[in-house]
Each structure stands twice: as C-alpha cells, then as structure tokens.
Amino acid sequence: MSGLNASLGYFLAIVGMSVVGRVLFARWTLLTEFIAAFALAACRLEVDTIAEVGQWAGALGPDVAVTMLFISLAVHGVVMQGVSGNPSVTLMGLLQKDVGAVSVVLSVAAQLFGAYAALLVAGKYWQMELTDMHMIKNLMMSECSTSLQVPPLQGVFAEALGALTFHLVYLVMKNRSQLLQIPIFAVLLTFIAYAGNNYTSGYVNPSLAYAMTFTCPGHTFLAYSLVYWLGPLIGMTLALFLYLGNIPLLFSRNLLYSKKARFRVPKGKTSEDKSS
C-alpha cells in the first residue's frame, strides 16, 4: 500500500467518525467540542507525518502536505459547522459574555481530551506500519521533533501574531455565509501554518498544540504552555479589543471607537420658544 493511499484511508476514517459523531451528538456541546478537537488533531498529526517523513519514505513532497492540510481544514469546516475545537475561540466567547465560565471550562477540558484521544489513535495507527513512512514515524514516536524551533519569547510573539490574524478574520466573518467562511478559514489557517513552520508551526490552537508537540522533548512543559497558551490568548484578546474597542467581560466603555450619531437630530422647541 502506498503512503498516500494509506493516508487518504486514514483521513476518510477520521472524517467518517466525525460525521457520525456530529450527527449523533449534535445537541451535546461538550461531545461535539471533543469530536472537533479530535478530528483537527488526528488529521494534523498525519499531515505532519507526510511533511516530516513522506519525502524520504513515500516520495511525497511538501506540496502534498500543504494540500492535505488545506483539504482537511476545509472538510472539517463543512462537517463541524458551529463548533470550534479551539480553546482560544471558546475563551473569546467568555470575554464577549456570550457563555458562562463553567461552560467554558468544561468545553476546554473536552477539547484537550479530544486532542489527547487523537494522539492515542494516531499512535495506534502508526504502530500498524502499513507503509515505510508509517514505520519510520512509529520509530520516531518516542523522540518526536518539537514544533517550537525558536526561543519561547519569540514563540509567544509568533503564536500571538498568528492568533491575532485568525481571530480578527474570525470576528469579521462570523455572521457571513458558511460558503464564504469555510474556504477563507481553510486558506488562512493553511497560510499561518506554512508561515510559522520554522517558528512554532502556527497552530493558534492550544489543544491542537498539546497533541502535536507537548509530548516531544526539547522544551519544558512550562515553555510549551507559555508559547501555545499565552501566545494565542494574547492574540485573541488583542483581536477582540481591536474589533470591538473593548473587552465586554472586563469593561463596557468603548476605549477605541466613539459612537457618534451620523446625523444631528433637531431639538424640539421649548415652551419658552413657543410663547415668544
């Protein structure tokens, strides 16, 4: 079995499970967040396998990895409409006072569990060693390569910049048609991942980053947490502030944009004016 065929079969299996789970548990917010985070991490783990090993063991170049990343993000957007699978997006709902703190904590926990489940499933899949590419990946599991290629402070800046871009576009496109949202988000996230490849891999998603690199040697858990949690949260908060002019959870006054009426409303005549 060729490496690409095996990967396509894996992607189809993940998409199939996501569709079934989305249909069965559509009204269960926590389960849908679990499924969304699981699908994102499971597909990204295989995309990274193609990027890291494919060109040596499967004759798959970087262009294949980028294409598969875009397709997986687009399909994910279609299947998981209305579900983020991203803790920073969930926390933005808290800052906007759209959801409560308890709901946010439970959703973030579900997303982290989903990412962890994806790591376990991908590991079992690699252990099957269906191709040379997966055999090499299985041997590399205990010594995986870290995604954080720069010092933590620079990594925080890179993730914050990527998150700022993503969340600004997310806020602008939030009420637009899904036909417009899905391809734009897929292109944007693919571009952020490509641009951040030599820095942090541009995950802009803490649960996704947990599955991708937190278990890899090279940096401490604290360093990973600073980069992949603090960075996206800074970017998300800044994007919300720039978009709204304030943070609704913290203060109601608009600090950036004044709400002036475009047209002056004529004042009614007073009793003194009428008597004169």
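The chain as shown is numbered from 1 upward.
Glycine residues also receive a Cβ, built from the backbone N, Cα and C atoms like all the rest.
Going by TrEMBL, these are the annotated features:
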type     : residues : note
TRANSMEM : 6-25     : transmembrane segment
TRANSMEM : 64-84    : transmembrane segment
TRANSMEM : 104-126  : transmembrane segment
TRANSMEM : 147-173  : transmembrane segment
TRANSMEM : 179-196  : transmembrane segment
Stretch-level contact, the transmembrane segment (179-196) and the transmembrane segment (104-126), CB cutoff 8 A, at least 3 pairs: no
Residue numbers, six or more beyond the limits of the transmembrane segment (64-84), whose CB comes under 8 Å of its CB atoms: 4, 7, 11, 15, 18-19, 22, 32-33, 35-36, 39-40, 43-44, 46-48, 50-51, 54, 90, 178, 181-183, 185-187, 189-190, 193-194
Spatial neighbours of the transmembrane segment (147-173) far in sequence, C-beta under 8 Å, 6+ residues away: 88-89, 92, 180-181, 184-185, 188-189, 192, 195-196, 198-204, 209, 212-213, 216, 218-219, 223-224, 226-228, 230-236, 238-240, 242-243
